[in-house]
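Over in TrEMBL, the protein carries these features:
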type	residues	note
REGION	1-26	region 'Disordered'
COMPBIAS	9-21	compositional bias 'Low complexity'
DOMAIN	46-176	domain 'Casparian strip membrane protein'
TRANSMEM	51-70	transmembrane segment
TRANSMEM	85-101	transmembrane segment
TRANSMEM	121-145	transmembrane segment
TRANSMEM	165-186	transmembrane segment
Amino acid sequence: MSNSHDPDAASPAKAPKSPADVETATAGVGHGVSAITRRWKREDLLKKGSLIARGFAFILSLLSFIVTASNKHGGWENFDNYEEYRYLLAIAILSTLYTGVQELRHVNALWNANQILDPRVSAMVDFFGDQVVSYLLISSVSAAIPMTNRMREGQDNIFTDSSASAISMSFFAFLLLAISAMISGYKLSTQSYI
């Protein structure tokens with residue numbers, strides 16, 4: 001049998017379609033579904049990323065609070081004697097409370113699929129709360145660093161080492177809350193107000 005009646009037999013083999021041709025040909029089919037699934041994955045990643053950042057910020061704030069509060073070694077080696085360390089402690093407590101409440105609220109929203117606050121209000125609370133607490137953390141760190149540096153010039157001991165570790169943990173908590181604030185800002189900017 002001859003394939004002389006088949007028009008494709010006489011012509012050279014057809015080149016396979018490029019991915020762009022296939023994508024153009026199927027643009028109407030399933031395009032909306034794939035865009036929706038990509039958006040859902042991105043939103044899920046943002047929720048989990050914000051949750052993880054706040055979780056680590058909670059742990060670091062709690063550790064900074066514990067280390068600062070327990071930094072009492074008698075005499076001049078007592079954090080109560082220095083205004084800068086009392087401020088560091090107060091902001092570490094505030095940050096621990098804020099991140100803990102936010103963690104509970106977000107875990108509740110993920111597990112129970114119901115939100116305590118309206119999504120728009122929630123996005124604003126996340127954004128402004130993250131910003132305010134992160135700015136307070138960096139201000140407490142910047143207030144305590146000069147005092148610790150002056151003390152370390154004269155004498156390096158367990159008091160100054162503990163102070164430096166509490167300052168470092170507060171700084172890393174600031175970085176994590178700043179990342180969370182950027183994620184919250186992105187979520188706030190993509191809210192539909194219709």
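For all residues, glycine too, the Cβ spot is worked out from N, Cα and C.
Note that TrEMBL annotation is computational and uncurated.
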Open item on the list: Can you work out which residues elsewhere in the same chain, 6+ from the ends of the transmembrane segment (121-145), have a Cβ less than 8 Å from its Cβ atoms?
Closed with: 50, 54, 61, 84-85, 87-88, 90-92, 94-95, 98-99, 102, 105, 109, 115, 163, 166-167, 170-171, 173-174, 177-178, 180-181, 184-185, 187-188, 191
Open item on the list: Going by DSSP assignments with H, G and I as helix and E and B as strand, what are the residue counts for the domain 'Casparian strip membrane protein' (46-176)?
Closed with: 112 helix, 2 strand, 17 coil
- [ ] Grab the same-chain neighbours of the transmembrane segment (165-186) for me: Cβ-Cβ under 8 Å, and only residues 6 or more beyond its ends, written as numbers and ranges.
- [x] 46, 49-50, 53-54, 56-57, 60-61, 63-64, 67-68, 71, 88, 91-92, 95, 99, 123, 126-127, 130-131, 133-134, 137-138, 140-141, 144-145, 148
